[in-house]
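Novice: Here's a structure for you.
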Amino acid sequence: MSQPHSPVKLWRFHGGVHPPERKTIANTTAIRTLPLPKALYIPLRQHIGVSGDVCVQPGQQVLRGQALTEPGVYGGLPVHAPTSGIIGEVVEHPSNHPSQLPEPVLTLIPDGQHTSASLQPVADPFSLSGLELIQHLHDMGVAGLGGAGFPTAQKLSQARAINLIIINGVECEPYIVSDDRLMREHAKDIVRGVQLLQYILTEENQAPKAVIAIEDNKPEAIAAMEQAIAISHAPIQLQVIPTLYPSGGEKQLIEILTGKQVPARGYPADIGILMQNVGTAFAVAEAIDQGEPFTRRVVTLTGESFQQPGTAWVLLGTPIQHLLECAELQPDTPQRIIVGGPMMGYTIADPRTPIIKTSNCILAPTNKELPAAQNESPCIRCGACEQVCPAKLLPQQLLWMAKAQDHEGLNQHHLSDCIECGACAYVCPSEIPLVHYYRKAKAEIREEKIEQQKSEVARQRFEARQERLEREKQERLERHKKAAEARAKALAEREKLAEQQATATGAPACDDETDPIKAAVARAKAKRAQQQAEASSDSEDPQKAKVAAAVARAKAKRAQQQAEASSDSEDPQKAKVAAAVARAKAKRAQQQAETAAKASDASKEKDES
Amino acid sequence: MVWLIGLLTLAGLALLFGVILGFAAVRFKVEGDPLVDQLNEVLPQTQCGQCGYPGCRPYAEAIANGEEINKCPPGGEATIQKIADMTGRDPKPLDAAHGVEEVKTVAYIREDECIGCTKCIQACPVDAIIGATRQMHTVIADECTGCDLCVDPCPVDCIDMLPIEPNTSRWQWDLERIPVQTIDVSQAQPITLKNKQESS
């Protein structure tokens with residue numbers, strides 16, 4: 001296709017593939033609005049960062065757009081009610097993550113009215129400072145729709161000296177048409193969003209350049225955007241780029257447009273570039289102009305198993321089951337449900353999984369259409385993977401190392417630069433799921449790092465404790481020494497005094513019978529002897545000890561039962577204490593019995609020998 | 001005469017090198033054994049004592065002095081491999097007499113049963129338990145190494161060792177463990193669609 005819109009030079013990143021696009025399944029119909037689901041499951045942690053505190057009560061009536069959580073510390077975003085209804089409990093629900101591990105979600109039962117709370121649009125955004133607008137975007141819960149769901153406000157506030165904003169409308173992955181449809185139908189809002197982003201990132205009256213990049217397989221979207229830009233007279237450039245997967249990757253698109261490479265482990269902001277998805281630009285415009293919190297997104301429902309494929313506005317938290325019903329799934333056997341596209345998506349096992357901010361596509365292919373990878377054969381060293389890797393890595397080298405768990409080698413070969421695009425696995429003639437090995441290896445390396453940090457902390461804490469114990473011991477010794485000295489001194493003084501008295505009175509020093517100290521010592525000795533006798537009789541007779549232990553156990557049990565019985569009616573604290581005491585007694589009795597038994601065994605052996 | 005020159009030259013060289021080496025031995029003397037520090041770094045620092053030594057560092061010292069390298073159950077095979085690489089010895093399977101490699105756990109105090117005796121606090125090698133006499137104690141889960149040493153001293157047995165809950169950020173991509181379900185949508189009623197466009 002010719003490129004009438006590319007007045008500037010374009011670069012090409014290394015590798016890339018041309019998988020069948022299959023975009024026409026879903027991009028021919030308008031974005032539709034679905035009926036409300038029976039319940040929404042809104043994950044409290046919908047983004048990178050920690051979840052906020054829930055600020056609504058179960059049973060409370062909420063309106064659409066009302067904040068449900070208060071963002072916590074670093075990286076948090078508030079979550080808003082996507083529709084009006086009644087708040088349910090916070091429950092554990094399968095997460096929209098390849099692991100499907102349960103995570104806390106807030107349930108919301110829609111009342112069907114879809115009543116909005118009073119929205120607070122910004123009347124004249126250009127009279128406010130960029131920082132105030134960023135705060136507003138934060139309050140509206142806007143997150144990046146491109147991939148990781150990074151909070152937009154955080155991304156904008158961390159950006160310094162940006163001279164180029166790239167709006168990513170590439171959507172290079174097969175099947176997915178969410179951005180395509182959004183650009184066709186809401187081009188005006190997207191352009192408005194770009195203008196707002198330009199305003200927010202203006203530094204010293206120097207607004208950054210803005211480029212909207214679209215692949216040349218979306219002529220309708222290109223036309224719509226071109227028209228919207230022309231109407232707005234905004235200084236925004238539209239750049240059409242050739243179709244190649246994965247051109248939509250952040251680092252790849254930057255290389256195509258600028259010829260620059262983002263440094264490894266770095267961010268585009270390091271070279272003065274900020275990238276946002278077209279969906280994010282749309283959300284920014286909605287949040288500022290209409291005060292609309294981020295509660296819905298365009299989701300592509302595609303694949304040949306759907307009778308009614310297309311795109312739809314989906315409320316965040318909608319269970320995927322509802323979407324399957326709405327698009328009239330005719331399940332194949334077995335039917336796979338993929339979140340995301342065929343290259344980078346993941347299969348989910350539980351259809352109750354909710355839609356989150358980053359879910360752009362639900363793909364339900366027939367098994368003929370997209371056969372599941374199964375026949376993994378050994379690597380034949382053909383090198384095809386290296387030819388297509390957009391990050392210029394050596395996929396087969398990485399595969400050997402990942403299999404051998406050679407983490408050091410993986411780091412040396414820059415595994416962390418892998419964008420998990422799946423191009424290598426796509427071309428692999430041996431059908432090796434290469435990306436899966438890399439993801440596993442990445443997780444292992446991350447885990448190892450965490451373990452190392454933890455053990456380092458543990459070592460420091462252990463050493464600090466040893467030091468403290470040593471110091472305390474020294475201090476104790478010092479104290480004892482001082483006390484002993486003081487005692488010796490006092491004794492010496494008393495003796496001296498007594499001597500003086502004795503010499504003064506001439507009487508005998510003291511009388512054995514009447515000296516109270518000696519009497520006390522004698523009494524203590526007698527008591528200790530008696531105790532010893534008792535103890536020895538116990539240990540000599542293990543039978544007795546066992547009986548005693550059993551009695552103690554029985555007592556403990558009874559006490560516990562009593563405690564349990566009385567815990568409701570009587571003082572529960574008292575009962576708990578009694579139970580604890582009883583357990584302690586039982587434990588001690590048992591230990592005594594054991595030691596006694598051992599002692600008797602030993603003595604028996606002695607007798608026999 | 002020639003042999004005398006040779007002898008003197010060699011003797012002179014020997015003397016010179018002797019002086020240099022002697023000086024280096026004094027000047028660059030290494031305090032302690034650097035191998036011990038390296039070994040200590042790869043040990044898991046649980047300070048659990050399962051190896052029979054009172055902590056990881058004493059065991060590292062013992063290894064440097066020829067002790068077996070397979071006595072650390074929390075470290076497991078990975079640690080044995082690393083120690084083997086460092087010491088140049090052959091890796092061995094974990095010595096079962098000292099325990100087996102288990103899932104990582106953290107201590108958890110059932111707080112309403114705690115009587116506040118402080119015995120677990122004294123036992124904790126990394127000071128990960130906070131509390132005071134006759135006050136409830138609790139474990140700082142992030143600092144707990146899962147060494148098990150607090151369980152035995154507890155007079156009321158209110159400490160459990162719980163396996164660490166997996167979460168999405170530390171998930172290991174073990175897809176095989178996710179149960180495969182058959183999605184049943186046959187009972188679901190197809191819903192007629194309102195094909196209207198969202199106005200915004």
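Just so it is clear, glycine is given a Cβ too, placed from its N, Cα and C backbone atoms.
The model shown is predicted, which means the values in this text are computed figures rather than measured ones.
OK, TrEMBL features for this one:
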type	residues	note
REGION	B:1-25	region 'Hydrophobic'
DOMAIN	B:31-89	domain '4Fe-4S'
BINDING	B:C48, B:C51, B:C56, B:C72	[4Fe-4S] cluster 1 binding site
DOMAIN	B:105-134	domain '4Fe-4S ferredoxin-type'
BINDING	B:C114, B:C117, B:C120, B:C154	[4Fe-4S] cluster 2 binding site
BINDING	B:C124, B:C144, B:C147, B:C150	[4Fe-4S] cluster 3 binding site
DOMAIN	B:135-164	domain '4Fe-4S ferredoxin-type'
Novice: For B:C150 ([4Fe-4S] cluster 3 binding site), which of these binding-site residues sit within 10 Å, Cα to Cα: B:C51, B:C56, B:C72, B:C114, B:C117?
Specialist: none
Novice: On a count of neighbouring CB atoms within 10 A, which of the binding-site residues B:C56, B:C147 is highest?
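Specialist: Sorting the candidates by Cβ neighbours within 10 Å, the top entry is B:C56.
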Novice: Suppose we draw a 10 Å sphere around the Cβ of B:C48 ([4Fe-4S] cluster 1 binding site). How many other Cβ atoms does it contain, all chains included?
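Specialist: I count 20 other Cβ atoms within 10 Å of it.
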Novice: Within 10 Å of the Cβ of B:C120 ([4Fe-4S] cluster 2 binding site), how many other Cβ atoms can you find? Include all protein chains, please.
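Specialist: The Cβ of B:C120 ([4Fe-4S] cluster 2 binding site) has 24 Cβ neighbours within 10 Å.
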Novice: Taking the centroid of the Cβ atoms of B:C48, B:C51, B:C56, B:C72 ([4Fe-4S] cluster 1 site), which other same-chain residues have Cβ within 8 Å of it?
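Specialist: Counting only non-site residues, the set is B:L43, B:P44, B:T46, B:Q47, B:G49, B:Q50, B:Y53, B:G55, B:Y59, B:K71, B:P73, B:P74, B:G75.
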Novice: Going along the chain, which residues at least six beyond the ends of the domain '4Fe-4S ferredoxin-type' (B:105-134) come within the CB cut-off of under 8 Å?
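Specialist: Residues 47-48, 55, 140-141, 143-156, 158-164.
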Novice: DSSP three-state call for B:C120 ([4Fe-4S] cluster 2 binding site): helix, strand or coil?
Specialist: helix
Novice: List the residues of the same chain that sit at least 6 positions away from B:C72 ([4Fe-4S] cluster 1 binding site) in sequence and have their Cβ under 8 Å from its Cβ, in sequence order, or write 'none'.
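Specialist: Result: B:L43, B:P44, B:Q50, B:C51, B:Y59, B:T79, B:I80, B:L94, B:H98.
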Novice: Spatially, which candidate from the binding-site residues B:C48, B:C124, B:C144 is nearest to B:C154 ([4Fe-4S] cluster 2 binding site), comparing Cα atoms?
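Specialist: The smallest Cα gap between B:C154 ([4Fe-4S] cluster 2 binding site) and any of the binding-site residues is with B:C124.
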Novice: Which residues does B:C114 ([4Fe-4S] cluster 2 binding site) neighbour through Cβ under 8 Å, counting only same-chain ones at least six apart?
Specialist: B:G131, B:M136, B:H137, B:V156, B:C158
Novice: When you rank B:C48, B:C56, B:C124, B:C144 by Cα distance to B:C117 ([4Fe-4S] cluster 2 binding site), which of the binding-site residues ends up on top as the closest?
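Specialist: Of all the candidates listed, B:C124 is nearest in space.
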Novice: Which one is it, among the binding-site residues B:C120, B:C124, B:C144, B:C147, that lies nearest to B:C56 ([4Fe-4S] cluster 1 binding site) by Cα separation?
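Specialist: Comparing Cα positions, the closest of these binding-site residues turns out to be B:C147.
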Novice: Can you give me the same-chain residues 6 or more apart in sequence from B:C124 ([4Fe-4S] cluster 3 binding site) with a CB-CB distance under 8 Å?
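Specialist: Within the chain, B:C124 ([4Fe-4S] cluster 3 binding site) has Cβ neighbours under 8 Å at B:L149, B:C150.
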